[in-house]
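Student: Annotations for this protein, taken from TrEMBL, read as follows:
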DOMAIN    16-148  domain 'EamA'
DOMAIN    163-298  domain 'EamA'
TRANSMEM  12-32  transmembrane segment
TRANSMEM  44-64  transmembrane segment
TRANSMEM  76-101  transmembrane segment
TRANSMEM  107-125  transmembrane segment
TRANSMEM  134-152  transmembrane segment
TRANSMEM  164-182  transmembrane segment
TRANSMEM  194-213  transmembrane segment
TRANSMEM  228-248  transmembrane segment
TRANSMEM  255-275  transmembrane segment
TRANSMEM  281-300  transmembrane segment
Amino acid sequence: MATSTASRTPGVSIQGLGFLVATSLMWGFNWPLVKHLVGVLPPFSVRAASGLIGTAIVLAIALARRESLMPPRGQWGRLCLAAALNVTAWMALTTLSLLWLRASETTILAYTLPIWAAILAWPLLGERPTLRRGAGLVLGLSGIVLLVAHGTPGEEDLAAKLPGVAFALAGSMLFALGTVLAKRAPVTMPPTALVAWQTGLGLLPLLLLWQLLEQPDFAALGALDWAALAYGGALAFGLAYVAWFAALRRLPASVATIGSLLAPVIGVLASVAMLGDPFGLREIGALALTLGGVALATFAR
């Protein structure tokens, strides 16, 4: 999510590492839970309901910290754009992808976003591509191809997954665009207040889609369903962002970025354990290629 806060601490803090691990766990475990929820609720209802919980928590934390909640004059446009790219598009598209893909597959595809950010940084930030970034792109695309274009039972299986692949990659690319634009023209607000505004504004289209297109039956949800919804809202949507910014304040940016790669690994392993997703050589290879590409794209100079 777009933020105006950068790491200012040169050393590696044990407390910062704790926040980083907590963030990765909260984000990683959420993928199989969202996959479960889209089996019992419509997709926009899942994200809108959990988003309301998360936004309320983040707003309460911002108020408790006495952070200024008023966006700077002249920055409303970039705030709304960040909300549209980093919340509305990301949440809607990655959740829709789960209707066609396994949670482990969506997790790997979604976390290609640093690769797209490295590509977009050239025209938008003037950061020229390097050989290492090109190698990162090749590795990342190889991971995507390996993940999707497997041979069992053939082209029909691939065709059935293509809508999910398109949604996951589109969500990742739009989030990357939001990240690059935030670096080019940041919204100068305290981090928790900024997250509260972005989630609140970004939820409005999801709430509208929920009301216009869906008829969720919340009364039919079981205890596990409610627990998954509460987890997604309170932890993955709310406290995880607070923990992420706490980690950024205590760790060098390079350490925080590398550490965030734990999230897709945890997401894949949690999907295997909780949903029975396959985890063979294809999945291991796709995850390794994608994360290798992300690392090269992120740290290329």
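Here the Cβ of each residue, glycine as well, is placed from N, Cα and C on the backbone.
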Student: Per-residue pLDDT averaged over the domain 'EamA' (16-148) comes to what?
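Tutor: Result for the domain 'EamA' (16-148): average pLDDT 93.
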Student: Pull the DSSP breakdown for the domain 'EamA' (163-298) and write it out as helix, strand, coil residue counts.
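Tutor: Tallying H, G and I as helix, E and B as strand, the rest coil: 116 helix, 0 strand, 20 coil.
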